[in-house]
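Going by TrEMBL, these are the annotated features:
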type     : residues : note
DOMAIN   : 80-230   : domain 'Yip1'
TRANSMEM : 90-109   : transmembrane segment
TRANSMEM : 121-142  : transmembrane segment
TRANSMEM : 154-176  : transmembrane segment
TRANSMEM : 182-204  : transmembrane segment
TRANSMEM : 216-235  : transmembrane segment
């Protein structure tokens with residue numbers, strides 16, 4: 001009785017000492033079971049941004065979309081409010097159009113004569129863009145959070161009120177250049193200058209440190225003041 005008990009215990013010990021997966025070496029895959037196949041990796045559904053591409057878009061649709069974007073930015077300048085549209089979707093087409101228009105209108109007058117030393121087209125163009133670059137660099141050095149081209153976009157689009165003032169002044173000068181004409185032009189230019197300064201600071205002020213906003217607004221004030229002075233002192237050629 002004792003002998004059989006010891007043999008059974010030894011058998012149990014031998015079985016328990018075997019590795020857990022020892023029997024797997026005897027398992028073979030039958031030739032009837034196919035092991036070939038294709039591995040299909042699920043691919044995520046394409047997003048709207050992946051499907052949308054301007055490469056396949058007609059030129060007409062592209063031009064119309066860009067014109068609508070420029071028009072929306074003009075509306076934001078005329079009715080400035082806290083919105084990131086002008087900063088997020090920046091472009092330089094609108095500022096370029098306004099700059100060229102203003103330079104062309106300032107060129108056709110007696111101020112172009114060498115005696116008066118009036119600005120030529122290139123001079124107006126350089127003053128506007130060079131002034132914008134200087135204000136942008138000043139804003140960045142003072143700790144501004146907007147990019148270089150976003151600042152150029154805001155400063156360029158905010159020339160729109162002054163460009164409108166230039167058109168009004170040209171119409172007023174058609175009736176003469178007397179004292180009444182000067183007073184009307186002074187009122188129009190002052191209102192446009194104030195609107196341009198207010199609109200630009202409305203977009204740029206929030207991107208500056210609170211203790212340095214005055215240092216950013218002052219160059220903007222001088223920039224639009226110079227443009228307004230050129231418009232006010234413009235007189236048509238005889």
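Each residue, glycine too, has its Cβ placed from N, Cα and C.
Sequence-distant contacts of the transmembrane segment (216-235), counting only residues of its own chain at least 6 positions beyond either end whose CB sits under 8 Å from a CB of the stretch, comprise 102, 106, 109-111, 118-119, 124, 127-128, 131-132, 134-135, 138-139, 142, 144, 155, 158-159, 162, 165-166, 169, 173, 177, 185-186, 189-190, 192-193, 196-197, 200-201, 204-205, 208.
Residues 66, 69-70, 73-74, 118-121, 124-125, 128-129, 132, 147, 149-150, 152-157, 159-160, 162-163, 166-167, 170, 227, 230-231, 234-237 of the same chain lie 6+ residues outside the transmembrane segment (90-109) yet bring a C-beta within less than 8 angstroms of a C-beta in it. Residues belonging to the domain 'Yip1' (80-230) score a mean pLDDT of 82 in the model.
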